[in-house]
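Lifted from Swiss-Prot, the feature list:
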SIGNAL    1-21  signal peptide
BINDING   Cys137, His139, His197  Mn(2+) 2 binding site
BINDING   Cys137, Glu173, His397  Mn(2+) 1 binding site
MOTIF     436-439  motif 'Prevents secretion from ER'
Amino acid sequence: MALNKLLSLTFQLLLFLLSVSSESPWIAEDTSQIQTKLLEFAKSPEVFDWMVKIRRKIHENPELGYEELETSKLIRSELELIGIKYRYPVAITGVIGYIGTGEPPFVALRADMDALPIQEGVEWEHKSKIAGKMHACGHDGHVTMLLGAAKILHEHRHHLQGTVVLIFQPAEEGLSGAKKMREEGALKNVEAIFGIHLSARIPFGKAASRAGSFLAGAGVFEAVITGKGGHAAIPQHTIDPVVAASSIVLSLQQLVSRETDPLDSKVVTVSKVNGGNAFNVIPDSITIGGTLRAFTGFTQLQQRVKEVITKQAAVHRCNASVNLTPNGREPMPPTVNNKDLYKQFKKVVRDLLGQEAFVEAAPVMGSEDFSYFAETIPGHFSLLGMQDETNGYASSHSPLYRINEDVLPYGAAIHASMAVQYLKEKASKGSVSGFHEEL
């Protein structure tokens, strides 16, 4: 009797092991072998040519924040052709795709879709067809890499130990599209999120990141300094807002040089000054505006900017009104990378591209609204290099900006590898059972 019971238990155990082996071969397979397969798939001529075609189509038809209707339509069309379910609309033009079991764990990959109000200065076959609009920050490449990852992951969907959520986000450039997507449930059930940004300052085939604070928090300000205009030859009969504005610009610089710990990076930049239209007339008012960047003490820095502007204006007998959210542009928190996800990213990059491919990044004073995702759940943001020795690449937000299309398979493979590795590690530790999300 005992022998029969033992044989029955042994048989059940063998059936379970065979089930795990047949359904989840990646659990036992070497990580580097898995990632090599993903990269090889991404670099295959068929997939690479497909990605280049998509990227160029998006580049030719740039759309600003919350206007990405055609970009979103293209994304949905490609997801349908691949066979991926999606949710639309999210945050007006956003799209969220789902690959895998529909059950936990859920891990997200994110790409931004919007272009910039810049006239493209690069003359080539696929130059922007829309006057005054251009993909000058690589978002066309970001969308393409995430679609590439979608194709890779769908090809291997039966091996996924959970669900990959594909977030195609609108309005990264100053309009906080990530925050709106978050408010509309983009992170529902998601346990971790990854994002990649192309960089012309990092060598091709390398990727950079750091644990903890990576990108600064950011905000903008606009102030109107009002005095009393008049003839420039008789300034004693005026209250000159130009002199007041000049004093304000200089005084704002002291917030960093004299009020900030030298070991704590902050930036206050006045980047626009408008006022007056004649050589011999002192204007009634001057408008100034700029940006603030900080990793810590951001609210205090905002308050000091407001105080300096209003009180320096008063010294010069002027009035000043300060707007810290002009055109609805809300401050963004700093982007802070989760330490465990950073370690995972570092390992994935080295396994995928070689030991020398990972670059330890310094903190960057640039900002990203990916931070809204990363302050809600564990997140990791990274930079993927596209610089090479033969071609110079302009920095982002330049009319001469262009991307190295050879980097597209690398970004797609890193995206896919991060998702696979995250789900694999969660599966090895055990995950929630008895849950099913209707996609």
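In case you wondered, yes, glycine gets a Cβ from its N, Cα and C as well.
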Residues flanking the Mn(2+) 1 site, with Cβ no more than 8 Å from the Cβ centroid of Cys137, Glu173, His397 and excluding those residues themselves: Leu116, Ile118, Ala136, His139, Glu172, Ser396
For His197 (Mn(2+) 2 binding site): intrachain residues, at least 6 apart, with Cβ closer than 8 Å: Gly138, His142, Glu368, Phe381, Ser382, Leu383, Leu384
Secondary structure at His197 (Mn(2+) 2 binding site), reduced by DSSP to three states: strand
Densest Cβ neighbourhood among His139, His397 (binding-site residues), 10 Å radius: His139
Local Cβ density at Glu173 (Mn(2+) 1 binding site) - other Cβ atoms counted within 10 Å: 20
Nearest-integer angstrom distance between the alpha carbons (Cα) of His397 (Mn(2+) 1 binding site) and Cys137 (Mn(2+) 2 binding site): 6
In the chain carrying Cys137 (Mn(2+) 2 binding site), residues 6 or more apart in sequence that have Cβ under 8 angstroms from it: Ala115, Leu116, Glu173, Ser396, His397, Tyr401
DSSP three-state assignment for His139 (Mn(2+) 2 binding site): helix
Predicted model, mean pLDDT over the motif 'Prevents secretion from ER' (436-439): 41
